[in-house]
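Structure record follows, encoded as structure tokens.
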Amino acid sequence: MFNNSRFIPLIFIALMTLFFALAISALLKGPTEIAGAQIWDILKQAVFNTDNASIIDWQSNIILDIRLPRIIIALFAGASLALCGLVMQGMFRNPLASPSVLGVSSGASLGAVIAIYLGASLISAWAIPLFAFIGAGISLSIVYRIASSRGQTSVATLLLSGVAVSALNVAAVSLLLAISLSNWDVARMIIYWTMGGLDGRTWDHVYIILPIVVTGFIALLFYSKQLDLLLLGEQHALSVGVDVRRTRRNLLVISTAMVGASVSVVGGIGFIGLVVPHILRLILGPSHRYLLPASLLGGGIALLSADLFLTTFFSDQAIPLGVVTAALGAPFFLFLLVKQRFASGNL
Amino acid sequence: MSAPLSCENLTFSFDKKPMFNNINLTFKEGEFVGLIGANGAGKSTLLQLLLGLLKAKSGEVLLHGDSISKLKRREIAKQLAFVPQSIELPYAFTAQQLVAMGRNPYLGAFELEGEADKKLIDKAMRQTDISHLQHRLVNTLSGGEKQRVIIARALAQQSPTILLDEPIASLDICHQLETMQLIQTLTEAGKTAITALHDLNLAARYCDRLILIGKQENGMTGIISDGTPEQVLTDENLKKQFSIQAKIDLQNEKVVLSNILPISS
């Protein structure tokens, strides 16, 4: 509240500008050239229902049914991962925590694959997110149980339990895939789903991710003070009036729901939840009052720019989105690990 | 007016092993109470029970007569502040931000500190002599400075009672004395302070009342002795509870232990 306060409005203006600039350039960019004025007309028609003779149907389809949902999903999936990373880093009091490192993303993947395997995904579009939510929840509560005793978390235990739970989840996904190979329809659905990414995403996916991330974000805002206080440790938080147990439980539920939603829509995309909150914390300081909205914007910016990077430079090869975020995020993770190792002398 | 803090028939088990049995304590307004006992005797456990951090198996902790189990944490925080043994901050808050957190029980989810809160924060920092550190990051402060920041946070909480878990354990001798003096000043102004302490001489010098926790004859942990330093620091208690022998003198009406030697069994 005191150190960088003069720059905070500027930082938010910069983040918002970047957020919308990226969204607009993603709208303009694609394998098919569509003029900016034409896109403007299409959007105007969609919003105000005005009749415009110059609009070509297939162009309108590309903009409204392919690019627009893709952008919205990228922004909100990124936002959800960054917000969850932020909350987990705060709750575990550890800058290395994030949905992918702690095995929460892989738990969500396992849940989603189970939903496909059991055929539940054919019954309702909400089956995959629901199962993903359950899988993420189980994984996170296991890691949480193992790694935090009396509010203290050792880095080694945290990472190791995350690794173990991840390995178990990945093994279970492979097992399910192997079993389902005899039934090609199911296997194909599983393989298609595990590829993840933003290709072929529709408004149905938007309807899953948008409400959950928006509701989750608003709910998290109510916890911004508690998140600050939890950083000081359980005893401190409790002694200044935070109901630690209840707060933790609610935060776990909110962040799990958001991971479940984003994983079920775009698959496991690693390291955004680790890197984005960390960089924002360096710029804005530790107060969640600023970090929460900044992570919403920053996560969206990160995922959308990774996608734009791929579609601009590697549009011919089908490189998964997770590869880009991992290529940037994994070295960053190692850097943090080394830094922490030097700071504390050990792990 | 009922006591700011008391407990009735407090019983506690640790991993199904009974630990405390029927603890009854009443703390009066303005008392400076020292909790003493050997390592692992249960000083921290008792503090955490009083704070509601640990749940008692039976019995009750009362704040001005109201059971702590029926109060919300925010309400408890207005009555009871706590200074834990150590603080490790993974992320950088300034000293002022940390002290300001003491105002949390009085503020809504989106409410910022008002003028009155800011005055209390400034006052708490002056009392603990950390005003000059207000813009420093807490994790760059020395152990003694950090401890004073945490105490200032507890003061900003404006609670009638403050619990401290070995607040001077990591401090050098000068800061130990300053911290004890600060707590004494606060209790003279009407606050009740309950402090776990290791240094028996400092406990005897500053505290009005000592509570000795240790193993009773039946193997349970309990209160061995409760009274003025003279009543508690006896030959027998030192021998049985601390395995030491010492020369016990009275200087300026304060108990002083000297020639302290371990009793090898």
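Each Cβ is built from the backbone N, Cα and C atoms, and glycine gets one as well.
As recorded in TrEMBL, the features of this protein are as follows:
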- A:7-28: transmembrane segment (TRANSMEM)
- A:68-88: transmembrane segment (TRANSMEM)
- A:100-120: transmembrane segment (TRANSMEM)
- A:126-146: transmembrane segment (TRANSMEM)
- A:158-179: transmembrane segment (TRANSMEM)
- A:205-223: transmembrane segment (TRANSMEM)
- A:251-284: transmembrane segment (TRANSMEM)
- A:290-311: transmembrane segment (TRANSMEM)
- A:318-338: transmembrane segment (TRANSMEM)
Segment-segment contact (the transmembrane segment (A:100-120); the transmembrane segment (A:205-223)) at 3 or more Cβ pairs under 8 Å: no
Within-chain partners of the transmembrane segment (A:290-311) [C-beta distance under 8 Å, separation at least 6 from its ends]: 8, 11-12, 15-16, 18-19, 22-23, 25-26, 29-30, 70-71, 74-83, 85-86, 198, 217, 220-221, 224, 227, 269, 272-273, 275-277, 279-281, 283-284, 319, 321, 324-325, 328
Folded-back contacts onto the transmembrane segment (A:318-338), same chain, C-beta under 8 angstroms, at least six residues removed: 95-96, 101, 195-199, 266-272, 274-275, 278, 302-303, 306-307, 309-310, 347
Folded-back contacts onto the transmembrane segment (A:126-146), same chain, C-beta under 8 angstroms, at least six residues removed: 92, 99, 102-112, 114-116, 120, 157-158, 161-162, 165, 169, 193, 208, 212, 252-253, 255-257, 259-261, 263-265
Sequence-remote partners of the transmembrane segment (A:251-284) [C-beta within less than 8 Å, at least six residues beyond its ends]: 4, 8, 11, 73-74, 76-78, 80-89, 91, 95-101, 104-106, 108-109, 111-112, 128-137, 140-141, 144, 193-198, 201, 205, 208-209, 212-213, 216, 219-220, 223, 227, 290-291, 294-295, 298-299, 302-303, 320-322, 325-326, 328-330, 332-333, 336
